[in-house]
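Taken from TrEMBL, the feature transmembrane segment covers 20-39, 111-136, 142-162, 174-194, 219-242, 262-288, 334-353, 436-456, 488-511. If you look up TrEMBL, you'll see 368-377 marked as compositional bias 'Polar residues'. Residues annotated as region 'Disordered' in TrEMBL: 368-406.
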Amino acid sequence: MAGKSTADLHHHHTRLVLKYAFISRLVLISLIVLWRSLLSPYDTSASINPSCLSNTTSIIGLFSGSNSYSKSDSPPVLLPRLASVIEDSIVWDSVYFVRIAQCGYEYEQNYAFFPLIPICISLLSRTVFAPLIPFIGQRAVLGLSGYVLNNLAFVLASFYLYRLSAIILKDSEVALRATILFCLNPASIFYSTIYTESMYALCSIGGSYYLMRGSNNIATLWLALTGYARSNGVLNAGYICFQTMHRSYKTAFVRKSVGGTLVVLLSGALRSLFIIFPFIAFQAYGYYNMCVGGSSDEMRPWCKARLPLLYNYIQSRYWGVGFLKYFQVKQIPNFVLASPILSLALCTIIHYVKLWPEVFVSLGFRESSPNKGSVTSPMPLGRNAGSKSVGFPSENRSNAGQGDSLRRRKPALREENYVVQPSEDESSENPGFKPIILVPFILHLVVMVATAFFVMHVQVSTRFLSASPPLYWFGSYVMASPRLSKRWGYIIWTYCAAYILLGSLLFSNFYPFT
């Protein structure tokens, strides 16, 4: 019966996660509609939709091209008011994604937007939502496809975040709190509009989940998709590199197998290259379209570079992105806008590194000492809030009837993955937990924070860092820990609520936000 109650707890939490994720998206969409109806947009140019330059014969053109319409040549629609509402809500970067889905990559600056979202939008508009074109027109259908795609992706990302958190933290209540916090994260507006946040979060968190389960091939595929969504998807190869580093060390020095070590290294290298490949392929695609076939006089400057990286050129040329380029007095308000998420990320990093310094300094090759590590120190995961560990039946069908004890069940994090197995001397508060598993996530967060602060437009940090699971694990701990004042939990919730309201108000009316 105990095993059954554990499974019931898991299913109950899963239902709660899906419920909160779904309701949060309804709230965001309602706020968008409300603010659009009450206020006039700052910029109305987003609704302008000129004819496509030419019939596209690109990867996007497989789904668009000769059948695309502009406002000037599209047939009249049956529900013009509804069509206008949808089209007017396409603002900021959403304009680029919809335009690329409709016409392909027409201009150089369009290559700053990776193809996963436009391809998915175009596919949906030509299949599932194609019957709606006579009623609201093609561009509105493209917009509707984007909204449905990203909101559905967010719900699935929330589901995978809960599963990933429960596996890593060995605590279902903490996993639930962390996921609810993700559902109300300060960048929520971007997860409900036509941006890359939802699809990136789904692929990166889903890939991490499958990697933790030992499904390396599936994980590699999911993580590779992040490279088709955003440029920083290449950083997800770091998870594979970290795994390969530990597996090769054990194979070489513990098992003393030279052949096995070579196999591990080769496998890790191929998986890492597979994750990086989408970024390289997209750069090659841009180079072919923009540089091949023209005279040297007509070539853009980046075409003649020794390493012709289109993405870097575009970010620098059109958006002024570069190392320390944003460190200007006039950008102080944007640094203030980004300060909450950067502070939360910095506290997350410091907290976990201070808790297990030996583990992080050694990159997981040295475990915490019994008198210094997680054994005697309370786990920073809210365990003392009275939560229960939970195992997933699909991951361990043999643990039925074993109750809530995770000592006796086969760990979801197999040794072949991150050399993580429960030991007998671990804290009974979180049996099966190993701090080594946090190392790649924290390292990933460190790189992301450094990039956001020193290289990018710093205000983008709010949404750039919002798909990082450690932020929500730490936030969950802060909100539940009796050692910390309750005001810190209130501050986090207030921050999230304020940015949801402010973001939905400003963003939906074409005012700058992040």
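Every residue gets a Cβ built from N, Cα and C, even glycine.
Values in this document were obtained by computation on a predicted structure and should not be read as measured data.
Between the transmembrane segment (174-194) and the transmembrane segment (142-162), three or more CB pairs separated by 6 or more residues in sequence fall under 8 Å, so the two stretches touch. Only residues 6 or more beyond the boundaries of the transmembrane segment (436-456), in the same chain, are considered here, and those with a CB under 8 A from a CB of the stretch are 168, 208, 212, 232, 235-236, 238-239, 242-243, 321-324, 326, 338, 342, 345-346, 348-349, 352-353, 356, 359-360, 363-364, 367, 413, 418-420, 464-465, 468-471. Outside the transmembrane segment (111-136), and at least 6 residues removed from its termini, the chain residues within Cβ reach (under 8 Å) are 59-60, 63-64, 75, 77-79, 82-83, 86, 93, 96-98, 100-102, 105, 142, 144-146, 148-150, 194-196, 199, 225, 227-231, 278, 282, 286, 290, 310-311, 314-315, 318-319. Long-range contacts of the transmembrane segment (142-162) within the same chain, counting only residues at least 6 positions beyond its ends with a Cβ under 8 Å from a Cβ of the stretch, are 13-14, 17-18, 20-22, 25, 29, 86-87, 89-90, 94, 97-98, 101-102, 117, 120-122, 124-125, 128-129, 132, 136, 175-176, 178-179, 182-183, 191-195, 197-199, 201-202, 205-206, 209, 467, 469, 472.
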